[in-house]
Amino acid sequence: MAVSLPLVFTAPRRGMPPKHLADLDSTERREAVKELGLPGFRADQLARQYYARLEADPEKMTDLPAAVREQVGAALFPTLLTAVKHLACDGGDTRKTLWKANDGTLLESVLMRYPDRATLCISSQAGCGMACPFCATGQGGLQRNLSTAEIVDQVRAAAAALRDGDVHGGPGRLSNVVFMGMGEPLANYKRVVAAVRRITSPAPDGLGLSQRSVTVSTVGLAPAIRKLADEDLSVTLAVSLHTPDDELRDTLVPVNNRWSVAEVLDAARYYADKSGRRVSIEYALIRDVNDQPWRADMLGKKLRKALGPLVHVNLIPLNPTPGSEWDASPKPVEKEFVRRVLAQGVSCTVRDTRGQEIAAACGQLAAEN
């Protein structure tokens, strides 16, 4: 088993990146523009360039006077993320991007194209403090929180790449965003919620994706799940449960020592009731660890009792990580697990695994240069 790491809820005190337009709400944008000595209407103009035209370089904003572009760039459009490299697999349909922030911090995002949609998996932190032993990100520890703009800019860059046909499959449109990359989103709560609002608000306030096409994942920070429910968003909540019993979950998902399975499912039910959305339960199936028939039965019973019809189980065949002695359950075991969960009246499917050979799959992101 991997070395046990401490839980880290508060990010190390490292300098955050300079303010960016995407950090600001509409009122703050207008104030920032006026501080530059520009008329107020420029605020919406700049926001439309960024959110609607997906343009992050003021030098290319032709409706902005050339004389002020450099000033605007320095004040509102600092370069936050630089692509270090792209890796592709699955016939080019999966592309992982390694980003370097302006302080040298590394993070990753993964773009996945399907026949009917394009999904971007984004990071909310550099590293992760939740210390799950089967996850490469968790084993690397937490470096720092990402800013709202660093989160949003991952999405803008992917949307622009799809629009411009820079990825395999020709021009397309970004349809889904999942906060399932590096980090525990609810441990960077304020910035993640602000990013969700930027991603889903229509221009000039955001990128205009449907809230229902955005998924926010968590290992189970129960109070933060309840807080998210009270934001009155309709994003999908995904809970990384991985086992239905506290004894094993205390090890697999160390945050369980703080909030038990029952507390997490109770918070998830509150979210489902408030949002009207079905909660997704993520379950990485690990050979001889959490794949026993009795655990499938227990999972189905607990979920049916806690969430009724407002739940769906995503089984994830464990993706290999360096140094781990664990591997995925055999297909017959996986099939029987699904059958048993379904027999309890709970929806359950096996997730299509993408990006394994480029370490872009669930639990593999380690931001290695």
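Every residue, even glycine, has its Cβ placed from backbone N, Cα and C.
Summarising the annotation, Swiss-Prot assigns active site, proton acceptor to Glu108 and lists sequence analysis as the type of evidence. Using a 10 Å radius centred on the Cβ of Glu108 (active site, proton acceptor) and all shown protein chains, the other Cβ atoms total 25.
Taken as a whole, the domain 'Radical SAM core' (114-351) shows an average pLDDT of 96 in this prediction. Look at Swiss-Prot and you will find 114-351 tagged as domain 'Radical SAM core', backed by sequence analysis.
Feature annotation from Swiss-Prot assigns disulfide bond to Cys121-Cys362. Reduced to three states, the DSSP call for Cys121 (disulfide bond) is strand.
Within 10 Å of the C-beta of Cys132 ([4Fe-4S] cluster binding site) we count 23 further C-beta atoms, all protein chains included. Sequence annotations record features per position, and here Swiss-Prot assigns [4Fe-4S] cluster binding site to Cys128, Cys132, Cys135 based on sequence analysis.
Taken from Swiss-Prot, the feature S-adenosyl-L-methionine binding site applies to Gly183, Glu184, Ser217, Ser240, Leu241, His242, Asn319. The DSSP secondary structure for Ser217 (S-adenosyl-L-methionine binding site) is strand. In the shown protein chains, 22 other C-beta atoms lie within 10 A of the C-beta of Ser217 (S-adenosyl-L-methionine binding site).
Look at Swiss-Prot and you will find Cys362 tagged as active site, S-methylcysteine intermediate, backed by sequence analysis.
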* Asked: When the Cα-Cα distance from His242 (S-adenosyl-L-methionine binding site) is computed for each of the recorded positions Glu108, Cys121, Cys128, Cys132, which gives the smallest value?
  -> Cys132
* Asked: Where does Ser240 (S-adenosyl-L-methionine binding site) sit in DSSP terms: helix, strand, or coil?
  -> strand
* Asked: Out of Ser240, Asn319, which of the binding-site residues is least crowded by other Cβ atoms within 10 Å?
  -> Asn319
* Site extent for S-adenosyl-L-methionine, whole Å (max Cα pair distance, Gly183, Glu184, Ser217, Ser240, Leu241, His242, Asn319) -> 19
